[in-house]
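For reference, the structure is listed below as structure tokens.
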Amino acid sequence: MQKSASASSLGPGGLDLSNIFFKPIQNTSPPSPTKRHTKISVIGVGNVGMAIAQTILTQDLADEIALVDAQPAKLRGEMLDLQHAAAFLPRTKIIASTDYSVTVGSDLCIVSAGARQIAGESRLNLLQRNVALFRGIIPPLAKYSPGTILMIVSNPVDVLTYVAWKLSGFPSNRVVGSGTNLDSSRFRFLIADHLDVNAQDVQASIIGEHGDSSVALWSSISVGGVPILSFLEKQQIPYEKETLEGIHKAVVDSAYEVISLKGYTSWAIGYSAANLARSILRDQRKIHPVSVLAKGFYGIDDGDVFLSLPTLLGRGGVLGVTNVNLTDEEAQRLRKSAQTILKVQSQLGL
């Protein structure tokens, strides 16, 4: 399945024309040993996985993309569909297989496989259906790419990132969940929409669980470098806490709304995952709210729990956690969010 029917062997008897089409240059030297070949594997070719693969392709983030799924017909169809767009995209080798050996040598493995979230279903309710899938996914990825970075997108993402960490045996810096990176984008969009500015000029984060117990960091929101809440206070402009909570609730509910309208979410999480892939593989050292091992940060000391914190990402994966000044209320809510996730994890027996 790694090549489409239209490979280079088009000559008589399968003659490989690529070897005779070009006349070789004499006295050549081998390629520079510093040249990197970047490979990304995407596990799961459902709506989310294909949105991730498509966005990675259009943003020219990899030299090779490997797709893995349990449905061979669907998998081959998606591979061919992407290959047929080659004339419109940066040159990227696209391969696919139901066998995890196709992922060998991956720099980044993105796992989006999992049961689809049903309208009205909480992310945490997906857990038991997806843990069993991960037992068949994570160990092969670790086997064929022992130096890879694992990025978990499947929901409930925080608990499944913990599961992936446990099953892989990797150090915690090489296991990261997409977490609240998308929640924070939705948050920035809503604030920008209120102020009629570009969302890229809004600095705002949501941390904690990717779900109902997430924490909006209102105290650190700024627009164009201007801290919002302190600006309103200095201008003696009153604001109601209920209004702020309403915006946060809209962020939490937004995924459920999209699912109820179109049946699934895809495009936004595709851009979010590609955004994280860029920061990691190109060593951008950007700060993202992503799911990481949170023990020891912000007073979270009760157990090994993954949840989203403002995290510095680079070629080594998780490089550090930003020391943001939280209000007492924000810190309390974050610890409560950690307890929510830990309670669920305690039922896994890992």
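Placed from the backbone N, Cα and C atoms, the Cβ positions cover glycine too.
What TrEMBL records for this protein:
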- H210: active site, proton acceptor (ACT_SITE)
- G44, V45, G46, N47, V48, G49, D69, N130, V153, S154, N155: NAD(+) binding site (BINDING)
- 38-177: domain 'Lactate/malate dehydrogenase N-terminal' (DOMAIN)
- 180-343: domain 'Lactate/malate dehydrogenase C-terminal' (DOMAIN)
Pairwise over G44, V45, G46, N47, V48, G49, D69, N130, V153, S154, N155, annotated as binding NAD(+), what's the top Cα to Cα distance to the nearest Å?
17
Using DSSP, how many residues of the domain 'Lactate/malate dehydrogenase N-terminal' (38-177) fall into helix, strand and coil, respectively?
68 helix, 26 strand, 46 coil
